[in-house]
Each structure stands twice: as structure tokens, then as C-alpha cells.
Amino acid sequence: MSAGIEPRRFTDSPLGRRNPTVKLALLFAVSVALLFVFDPVTPAVLYLLALAAVAATARIPARILLLAHVPFVGFGLGLLTVNALSRPGTPLLEVAGLGVTAEGLTVGVSLGLRSMVIGVLSIGFIASTDGVALMTSLHQHARLGVRMTYAVLAGYRMLQEMPAEWQTIRSAHQVRAPLRSHGRPRSGVRSFGRSAFALLVVSVRRGERMAQSLESRGLGLGPRTTWRPVPLGRADWWLALGVLLVLALVFAAGEALGFREGHELLFARGAGA
Amino acid sequence: MSSRSTMTPARTRTPFTLKDLVLMVVLGVVFGFLYWALVQAWTGLSILMGPAGDLAQHFLLGGWLLVAPIAVAIIRRPFVGIIAEVLASVIEVVFLGSAVGPILFVAAALQGLGSEIPFALRRYRSFGWGVFALSGLLGAGLVFLFSAFRFGWYGQELFILRLVVQLASGVILGGLLAKVIVEALAKTGVVDNFAIGRDRIGKA
């Protein structure tokens, strides 16, 4: 029934068989490490490595992998433009009265590439990970409480049904709405807001019923067994070790070859400031 | 201060009920879905948001804050804002597939913390317009510091403009709008079984 609200998953792949908690933690580690990078070379190298790794291990069809790039390539380009135009520094050239600076361009390219590294890894993670398996794994391996786990899973179920629910509410509202001169009901911010509020109320009510039925079955009273436990094996540790090793190598190479730069680049003002 | 033990019921000590947890998740799901529906409805918006996204995000930021003040005003317990906001980001990243990645959890926690501080200072007892406005202001302000660090806004000529737009968005969309939604929800009666309903009935 779901009208494509979820991203497509390809869980039968080498990356798909790895433990979801480990993958999530690694993605988080890479994201945090990249916060301290403001040169263009480090994220460029990492992007190529990440793209190669995801393409080789996640078995995502090339077309889907490419299409999934669209949102964050757009966002990356925005970061690039804004930084190139709005950062003080050595002027390179003038575009329509706005000066492009060398520092701005460097930082802009770096930030744009950073969003692409995280973007491509996120695609790899999401496309190779089943949502329910992730929550089960977080419960098993990351000590997420059983009630929290089930609350999120209940929300997940709700989310899957929400496009249909939304369509029902929209149709019901439109049937009763006054028609405009060309015979169609008006659709604008107000009608969107009205439907949105109806959806909120219906969902809150349904959530309360869900919670009651889970509680009446004794959820959270005692220890539970897990249906379809998620494995955590030696291959997962190898994956973690490999990713962290590559990350450390790229950073070390950056230090050795002198291309890595951190926050100090933001304040290194050029002559034309 | 001595009246605290008599004024504050024991409920602050007990763990969250499943009902409260599910409510927080539901808020995250509904607002996550609405954002998704909005983008579906205006595909142009998502394409436009690409190149302009870096600046446009400040105008819309307040919308992301909504979940925390609504949850706090309904459940009226410590940490609700933070938990609700983080749960919303989990839905966003894991089930809707946001390419921002898990760093969003950190941003969400900061937003929730900022949104919750004003309510905590009033000990989860005062829910007037001023508290909501301050909640939006702090939520937007706290996450601004983190985003500025992430994206290197320090040293940019647009720094002040970014800050002002984001704070204004926080107050209007993330504070005052939350108050409107909470009041409308309370009127429908669906939240009567939560703390907000108990307080209302107690007053009446």
C-alpha cells in the first residue's frame, strides 16, 4: 500500500548481511571525523573510496545509486556557491559584483564534498539495512530498552500506512469542500494544514490504542526473547576495523603530505580581506 | 522550595509509560511524513532547496523544532523534548532515508535540549506564549552553534543574517506555532489521558 515513502532496500548483499548497529556506528564515526576537515583533498579521497566500497558491496543498481545522489549534490553545490562568494580572503575573480575568494572556494569545495561522502555512505547504509532488523539489533547490541524499541517499531508501522491514511483524509476533505468556479475544490496552505491536523489527531489516538494493546500483552514486564535475532559476528568486527583503518590512513596521509586542514583555515584571512 | 515534594507528584521518578513513548514517536512520524508529503507535492521545492538549501534552511528550521515543545507541553516531564526530537531524527534517517546521516541525532538532541530549557526553568508547570516563544528561540539558537561549527559559518560574511533568520524562524514556527497546535490538540480531547489533560481537568 505504501506509495514509496520508504527508500528501496537491497539487503541481500555483502554489506546487507553486516550488523546494522555496527554500520550505524561506523557511519556516525565517519561523520564526526569529517567535522574537523576543511580541505578539499581529504573528503575527495574519502568520497571516491566510499563510492567504490558502496558500489562493490551494497549491490544497489547504478541508476538508483545515481538518482539518490541528487538531493545532496544539490545541497553540496549550494554550500560551494555560498562559501565561495561570502568568505573574506584573497580575491580570485568577480562574479556580478560579488568576489570569489580562494579561501572561500577551498572551504566550499571541502564542505560540498563532505556532504557527498556522508550522503553516499548514508545511501549504502539505508539501502542495505532493514529498519526492523536495525531496531532489533539496537535492542540486542546497543541496550536500547524494549519499550523504546517497540514504540519506534509501532511508529514505523504507522509510517508505512500513512500515505494511504493521508489520501483518505485528503479525499474526505475534498468531497465536502466548496468548489471553485472551474469545478475543483480549492487546495492551498489552509487545506493542507487542515488535513495535516486531522492526520495528527488520528495518529495520536491510534498511538494511544497501540500503546494500550502492547501494554495489555505485558510488554516490558519481564525478559523477552527476540524473534529473528540479528547476528553479530567476526565479519562485523573486520568491517569496523577496516573502515576505521582506512579513515585513519587517509587522515595520516593528509598530515604527512600536508594537505589536511582543520578549522584554522576558516580564520586564515588573505590579503584582500 | 520546601513545597516541592507536595507539589510535584511521584510521576517524575517512574519510567516513561509506553503511552508517552509512543506519543513522542507518533509526533516524529507525523511531522516527518508531512515534510515528506510537502516535498512530494512540490517537487520543485526539493530541487530548488538544493542550490538554495544552504540559506533556505534557516527559514524552515523552526519547523523541525515543533516536535519537542509539543511533546513537552503534553507529557510535562523532564527529558521529553530531547527524547522526542531524537526519536524524530531516527525516523527521518532510518525510515525516511535522509542523506544527512546520523549526525542529525546530535543536532536533534541539541534542538530538543534548547527547546526544553524554558519549560524546565518553569518546572514544567507554565505553558504560556512567552515560554513557547523562548523555547523556539533557544532551540534554534543552540543548534545554530553546532551547525555553525559543522559548516564553518564562523568567518562568513552572512553569519549575522543566518543567525537572525534562524532565530526568527525558531520563535515563529518552532515556538508560537507549537502553542497553537498544542491548544488545538487539547481542544479535541485526544490528549486528555496525558499530563496535559490531567492538569486541565484538575483546574476545571
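Note: Cβ is positioned from N, Cα and C throughout, glycine not excepted.
Unlike curated entries, TrEMBL annotations are predicted automatically.
Marked as transmembrane segment by TrEMBL: B:21-43 (among others).
Positions annotated as transmembrane segment by TrEMBL: B:55-75 (among others). Among residues of the same chain six or more beyond the transmembrane segment (B:55-75), those with a C-beta under 8 A of the stretch's C-beta atoms are 20, 23-24, 27-28, 31, 35, 48-49, 81-85, 88, 111-112, 115-116, 119, 124, 127, 132, 135-136, 139-140, 143, 158, 162, 165-166, 169-175, 177-179, 181-182, 185, 191, 194-196.
The annotation transmembrane segment is assigned in TrEMBL to B:82-107 (among others).
Sequence-remote contacts of a segment are chain residues at least 6 beyond its ends whose Cβ falls under 8 Å from one of its Cβ atoms, and for the transmembrane segment (B:127-147) they are 61-62, 65, 68-69, 72-73, 106-107, 110-119, 153, 162-163, 166-167, 169-176, 178-179, 182. Look at TrEMBL and you will find B:127-147 (among others) tagged as transmembrane segment.
The transmembrane segment annotation in TrEMBL covers B:159-182 (among others). Outside the transmembrane segment (B:159-182), and at least 6 residues removed from its termini, the chain residues within Cβ reach (under 8 Å) are 55, 58-66, 69-70, 73-74, 115, 127, 129, 132-141, 144, 148, 153, 196.
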